[in-house]
Amino acid sequence: MRVGVYPGTFDPITLGHMDIIRRGAKLVDRLVIGVTTNITKSPLFDDDERIAMVKREVAAIEGDIQVVGFNSLLMDFAQREGATVIVRGLRAVADFEYEYQMAGMNQQLNDRIETVFLMADVGLQPIASRLVKEIAIFGGEIHKFVTPAVCKAVIARIAERGLRQGER
């Protein structure tokens, strides 16, 4: 059985993430979406909320897809899941530099697990969770970048935390 891992913070999960999940699920028998905390980021949603959000969003995608949280080195997590492939999405050259370096480090940690890069769909390339949150904080429309359920959750969380800025 070919198992792949698609790791990310998914804060929030975007249409770009969904595209990579759909396509990644076709490449493996089981795709494990690893929801993690990035210690360099300040999340809008906590781990449990992000895991639940991702589970809801991927429920209709065809294939054996599991969503789990992890808080360890990616390669340790991938090995525990029995993965032979790490799936990563690339939007632009800047992503490639970072991802190339990470793939090299991961290969040093475990050379039995390959990293596979999927290019983002052209229409989804500019989408980034960080930008979605920023746009929402300033009152911009985010419905083009996330599903309706995620849009509602992001707007509600920003209001709940009093993060709204600027005038519209």
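Any Cβ shown, glycine's included, is placed from N, Cα and C.
The shown structure was predicted, so the numbers you read here are calculated from the model rather than taken from an experiment.
The substrate binding site annotation in Swiss-Prot covers THR9, LYS41, LEU74, ARG88, and the record cites sequence analysis as its basis. Secondary structure at LYS41 (substrate binding site), taken from DSSP and collapsed to helix, strand or coil, is coil. Under 8 Å, Cβ to Cβ, and six or more positions away along its own chain, LYS41 (substrate binding site) finds THR9, ASP11, ARG130.
Secondary structure from DSSP puts HIS17 (ATP binding site) in a helix. Around the Cβ of HIS17 (ATP binding site), 24 further Cβ atoms fall within 10 Å across all displayed protein chains. Summarising the annotation, Swiss-Prot assigns ATP binding site to THR9, PHE10, HIS17, GLY89, LEU90, ARG91, GLU99, LEU124, GLN125, PRO126, ILE127, ALA128, SER129, ARG130.
Taken from Swiss-Prot, the feature site 'Transition state stabilizer' applies to HIS17.
In the three-state DSSP assignment, the secondary structure recorded for ILE127 (ATP binding site) is coil. In sequence order, GLY16, ARG91, ALA92 constitute the residues six or more apart from GLN125 (ATP binding site) in its chain with CB-CB distances below 8 Å. Packing around ARG88 (substrate binding site) is summarised by its Cβ count: 23 other Cβ atoms lie within 10 angstroms of its Cβ, all protein chains included.
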